[in-house]
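Enquirer: Annotations per TrEMBL:
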- Asp239: active site, proton acceptor (ACT_SITE)
- Gly120, Arg183, Gly184, Gly208, Asp209, Gly210, Thr211: ATP binding site (BINDING)
- Asp209: Mg(2+) binding site (BINDING)
- Thr237, Val238, Asp239, Met282, Gly283, Arg284, Glu338, Tyr396, Met397, Ile398, Arg399: substrate binding site (BINDING)
- 112-420: domain 'Phosphofructokinase' (DOMAIN)
- Gly210: site 'Important for substrate specificity' (SITE)
Amino acid sequence: MATDHPAGSATQQLNDHFDDHQPFSLSPITLQKLPHLSEYLQDLQPAGPNPLDRNPFFYPSDGFYITSSDVVLRHTVCRLSPSGAPDYPFHHVAYIRAGPRKNIFFDPSTTRAAIVTCGGLCPGMNTVIRELVVGLWDLYGVRQIFGIKAGYRGFYSTPPVELSPKMVHNWHMRGGTVLGTSRGGFDLKKIVDAIQNHGFNQVYIIGGDGTMRGAVKIFEEVQRRKLRIGVTGIPKTVDNDVGIIDRSFGFQTAVEMAQQAIHAAHVEAESAVNGIGLVKLMGRSTGHITLHATLSSRDVDCCLIPETEFYLEGKGGLFEFLEQRLKERGHAVVVVAEGAGQDLIPRTKAQEEERDESGNRVFLDVGAWLKSELKKWWDRDHPNELFTVKYIDPTYMIRAVPANATDNLYCTLVAHSAIHGVMAGHTGFVTGPINGNHAYIPLIDVAQAKNAVSTKDHKWEWVRSVTNQPDFVKS
């Protein structure tokens, strides 16, 4: 249905502009520089044409190979002014598109690739390992592929495990990581020494933001030593808190699994008198799983994420809202991200200073704390009335399951994209989807970027429309 706008308004002028079909132009595009081995290895020459030319299953046609002029825009949406230019400062950034190149810089017969998984578990880790092995073996003919056991410390503490397509055949059906993982253990000198001593010239690092920061240091040390070693990162985080890319692998599986926990909480709450189902989901610094699970479920009455504050007592607080819901419906479901409300939970001095192996602040259990506070509130304000809180924490169930179909497809694409990039001589990069197209992003950019939920975005407004929860803004 058409909407009338006052004559002379900016909206009307913009509509008139497009009705006239006048051309417009956007600001110039800045291409992010992608590191290449040739930058510090002066005598580097291509090892030859891509073996895919001789692969009987490919038959490369025109346009099959990606060139340096194929790019992916980071931002594809902007608002134009009546003049046709963006009506606020807008910088167009582009990244090199991922995919096979016509020439490669590693001879497959002498390539020795290492694959390592670090940090916490995430659905799809085994799929990525499997697709790296199968991709290197079948696409490029690499026969020396090794798995590093137990994270970064495995480079210098345990012998590498030789991998083959036969060995990893059904790994995508298993949760966790068959290679094993750990936090910490990052000793830069020992790691790079071990990479040299084992003769590895390609290193594939699968992990979260802390792992990517370590990968940056390995890449920089390899550069400093002028080693012919390609280093690439494959970002892994259930929380989806890695910046720049659309999403990280395992996220959609996590949201799907979270639905089961929310459904169970809803059944428990609905079956009790004044029942509250309380679910804690993963999300230390971002609430993406909690947000998407809330939108998908439609059974959630309140969604609490780290990006927004909330309070318990008083006008507009959580207790007032839940009391009203219990009067109206007889039950309620609350979903909270693990990083939400941390400033509300009392801490001892020792707890304030406690850090995990990766150097992150140790979070207290917001779910157990909130369950306790809910019971105290009800006993105080409604003595002798029935009340039940059923607390569900599916954290380890969610991150330990195999990837679903969508994430398995994602893992295949991201693994093969990483292989194509390294074989083409690129290094110090991460591969991932940007606006639906896989691209190569400098490691340093990804290590520094964050992907917080924007509470000014329409998606958060959708959450508010689904739950009708208060905004927790005190007058």
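Including glycine, each Cβ sits where the backbone N, Cα and C put it.
Are these features on the surface or tucked inside, and what are their neighbours?
Expert: Taking Cβ-Cβ distances under 8 Å and a sequence separation of 6 or more, the neighbours of Asp239 (active site, proton acceptor) in its chain are Phe251, Met282, Gly283, Arg284, Ser285, Thr286, His288, Ile289.
The Cβ of Gly208 (ATP binding site) has 22 other Cβ atoms within 10 Å, all protein chains considered.
Listed in sequence order, the residues of the same chain lying 6 or more apart from Asp209 (ATP binding site) and placing their CB within less than 8 Å of its CB are Pro235, Thr237, Asp241, Val242, Ala447.
Taken as a whole, the domain 'Phosphofructokinase' (112-420) shows an average pLDDT of 94 in this prediction.
There are 21 other CB atoms within 10 A of the CB of Gly210 (ATP binding site), with all protein chains counted.
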Enquirer: How far is it from Glu338 (substrate binding site) to Gly184 (ATP binding site), counting Cα to Cα, in Å?
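Expert: Distance between the two Cα atoms comes out at 21 Å.
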Enquirer: At a 10 Å cut-off from the C-beta of Arg399 (substrate binding site), count the other C-beta atoms across all protein chains.
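Expert: Around the Cβ of Arg399 (substrate binding site), 21 other Cβ atoms lie within 10 Å.
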Enquirer: Where the distance is taken from Cα to Cα, which of the binding-site residues Arg183, Gly184, Gly208, Gly210, Thr211 turns out closest to Arg399 (substrate binding site)?
Expert: Gly208
Enquirer: Could you list the residues of the same chain, at least six apart in sequence, whose Cβ is under 8 A from the Cβ of Thr211 (ATP binding site)?
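Expert: When sequence neighbours closer than 6 are ignored, Thr211 (ATP binding site) has Cys118, Gly119, Tyr152, Ile205, Gly233, Lys236 within Cβ distance under 8 Å.
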Enquirer: Restricting to the record's ATP-binding residues (Gly120, Arg183, Gly184, Gly208, Asp209, Gly210, Thr211), give me the longest CA-CA distance in Å as a whole number.
Expert: 13
Enquirer: Fewest other CB within 10 angstroms, which one of the binding-site residues Gly184, Gly283?
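Expert: With the binding-site residues Gly184, Gly283, fewest surrounding Cβ atoms within 10 Å: Gly184.
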